[in-house]
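Peer 1: I have a structure here, written as structure tokens, and I will follow up with some questions on it.
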């Protein structure tokens, strides 16, 4: 009996020692297990395998002995109250489609069926997207740019579709000099001028939820992709740009030449019209005349010019007006036939013209200057021309022909037997009782006044 009791005592002691090393406390010895740090963190991935969601948790302290530890989630589930996690190495996870995705859930760490520590969290606020994949870089030589494209599985998902992607790239020789670009699409364009020529670059992408309801963490980095930039071709010039530059240069040169040639004749008069200088005009008007002028008002200098008095011009005009009012116009053929019997005997029998004096401005026309005589004492000038002809000449007077005064008529008007022609009878009573004859029809003997030439400024 003594040997049997000793054996049971040693076994009990060994079991107690082994249980103490594994962190398992028995008989209410739970205070020793609470001395360790069992803090943990979790994240969710929605629709990882169809409708199933994934929730993963891990201890923040990697030195924690997790051999006998378990994870349990309660609340925020469909049809069940609690679910236990599965363990894969140092990670605890659960894949199910029973997450309610509304409200908070409680996750606890259990040791021997007892809760050591618990946390409350909302699964939709701890979403960690899946890492992007299939990162490609394509060089477009025409545009001198690199097009970066990648893919993500969230494009086909129902819940977390809107993501913000962070694209980073660097030179391979610069380990920590990353360039960051945030985009909401799966396509990015990098300009060649912002990259170093003939260099190798590394690029990768990660994502994060970009909605108000779903929040969480950055995803894992995608696999890195590498690309090389081409050599610098700054010495070469595009032929199209070269042709455009040459044509533009010659066009500008041609316009400059034409502007210089046509400036004075065509362009300047239109753009800047020349205005007369008022100063020069006033100087010419106010300028004193020269001493030796060709202008002279001496009457002797006008001896070679024929000057007519203004009184003669006025007398001629009054005679024209009187004759036009006194004598009727020419008779037409019918009147000539009607008067033919009396005219045949008087058909220019002597071809003489009778000149009668006229007192201009008086009451009685064609009165004789002597007063009471039977026939006016006027000279008769022979003429061999028909009635419609006039004698020409500078000194010969122009008179009406065919005007006859019958015998026995005293201070009477001329008979209206023949029509008057273009000649006009004028009488200039310069001397009392002696009639003067003046031509009124010829343009050569029209009265004019000769004035001196005006001085022209040279």
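The backbone N, Cα and C atoms fix where each Cβ goes, and this holds for glycine too.
Note that the coordinates shown come from a computational prediction; the quantities given were computed from them, not determined experimentally.
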Peer 1: According to Swiss-Prot, which residue among 151, 182 is annotated as N-linked glycosylation site?
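Peer 2: Of the listed residues, Swiss-Prot records N-linked glycosylation site for 182.
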Peer 1: Suppose you had to name the range Swiss-Prot annotates as motif 'WSXWS motif'; which of 218-222, 223-227, 228-232, 233-237 would you pick?
Peer 2: 218-222
Peer 1: Can you tell which of 84, 294 Swiss-Prot marks as N-linked glycosylation site?
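Peer 2: Record lookup in Swiss-Prot returns N-linked glycosylation site for 84.
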Peer 1: Ranges 244-252, 253-261, 262-270, 271-279: which does Swiss-Prot label motif 'Box 1 motif'?
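Peer 2: It is 271-279 that Swiss-Prot describes as motif 'Box 1 motif'.
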Peer 1: Can you name the recorded positions among 42, 84, 108, 182 whose CA is within 10 A of the CA of residue 74 (disulfide bond)?
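Peer 2: Of 42, 84, 108, 182, within range: 84, 108.
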Peer 1: Tell me the Cα distance separating residue 108 (disulfide bond) from residue 82 (disulfide bond), rounded to the nearest angstrom.
Peer 2: 10
Peer 1: Tell me which residues of the chain lie with their Cβ under 8 angstroms from that of residue 42 (disulfide bond), as long as they are six or more apart in sequence?
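Peer 2: Residues satisfying the criterion: 55, 56, 57, 58, 107, 119, 121, 126.
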Peer 1: Please work out which residue of 57, 74, 82, 108, 118 has the most C-beta neighbours within 10 angstroms of its C-beta, and give that one of the disulfide-bonded residues.
Peer 2: 57
Peer 1: Sorted by position, what residues of the same chain at least six away from residue 182 (N-linked glycosylation site) have a C-beta under 8 A from it?
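Peer 2: Correct list: 164, 165, 166, 167.
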